[in-house]
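Colleague: Have a look at the structure that comes next, please.
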Amino acid sequence: MSGPHPSVAAARNAVRALLAELEPARGVLVACSGGADSLALAAATAFVAPRAGRAAGAVVVDHALQAGSAEVAARAADQCRGLGLEARVVRVDVDIALGGPEGAARAARYAALEAASREAGDAVVLLGHTLDDQAETVLLRLARGSGARSLAGMPRRRGVFARPFLHLERARLREVVDAVGLTPWEDPTNAVDGPARRADGGPLPRSAIRGRVLPALTEALGPGVPASLARSADLLREDADALDAFAADLLSTARGEDGSLDVEILAAAPPAVRRRALRRAALDAGSPAGDLAHVHVEALDALVTGYHGQAGVDLPGGRRAVRACGRLTL
């Protein structure tokens, strides 16, 4: 008797490895859009989780941004139930004025998934992001001038979220759904000429990278480009983790009992470590991470290394940094 299709086996092994990292009694929820990647994840989880003694279910988020979205969500939930997963649909309201259509939909989706995790007893939410998604993320952030932490791409685990498929190609997951007889939904917003557009009429950034940039790079450099970009993300994540640890040590050394920072200690540190420490200090002081930009960190750094009596620095969240008597107070 032959075994499962090689791609089915690879998907199951990826989920099995992820589940082995979790606390023994912790359940999992598959975030399923109805697309090929998340349906493959649902199929692999439905097979592996019961055999690992774990409760497993599925959550389908309906963003209600496209005509027929309720039907798409219902069909995805039905396919999850057919695999043996208890599934439910959660409809969210997306304010596209907040961060554009992609960002607003993402924020609403993750908030709904976090709520579903809490309702399921802090279940881990499994996301179907692939090696190709990781490559697209690296390119997108590189084009925006991001630093090492952002270029490290999507982490395998963060908070309640986990991504077991980050080292599997999208094409292999398409083979999974074909092999197990599932019918994926083709999201029109993923297409370069899809209905969702930027304000200037151009394609959404990720759609452009998926449909134009990565294919052009692959044609010019060969088929290994996505894997190479994903590998770069892994290497950068190790570097970023080390720099973050050094920055935490620097903050601990520089911080006084009143919370102010010793400027001399900060100035003696390598710039990459010092700027990370200053960013962390601003976050600790209450500046929202999403609003704290490179320009703010540069201004804080100037208070340390280029001080000539200038005024303090206004930070997001109504915070302010000032230098006095060799100390930096946020």
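Yeah, the Cβs are placed from backbone N, Cα and C, and that goes for glycine too.
Below are the features I grabbed from Swiss-Prot:
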{"type": "BINDING", "residues": "Ser33, Gly34, Gly35, Ala36, Asp37, Ser38", "note": "ATP binding site"}
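Mind mapping these onto the model and telling me what they sit next to?
Modeller: According to DSSP, Ser33 (ATP binding site) is assigned to coil rather than to any helix or strand.
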Colleague: Could you tell me which of these binding-site residues, Ser33, Ser38, has the fewest other Cβ atoms within 10 Å of its Cβ?
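Modeller: Minimum Cβ neighbour count within 10 Å, taken over the binding-site residues Ser33, Ser38, occurs at Ser33.
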Colleague: Just to be sure I understand the packing, how many Cβ atoms besides its own are within 10 Å of the Cβ of Asp37 (ATP binding site)?
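Modeller: Within a 10 Å radius of the Cβ of Asp37 (ATP binding site) lie 25 other Cβ atoms.
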Colleague: Taking the Cβ of Gly35 (ATP binding site) as the centre, how many other Cβ atoms fall within a 10 Å radius?
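Modeller: Gly35 (ATP binding site) is surrounded by 21 other Cβ atoms within 10 Å.
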Colleague: With the ATP site defined by Ser33, Gly34, Gly35, Ala36, Asp37, Ser38, which remaining residues of that chain have Cβ atoms positioned within 8 Å of the Cβ centroid?
Modeller: Cys32, Leu39, Ala40, Ala76, Gly128, Pro184, Trp185, Asp187
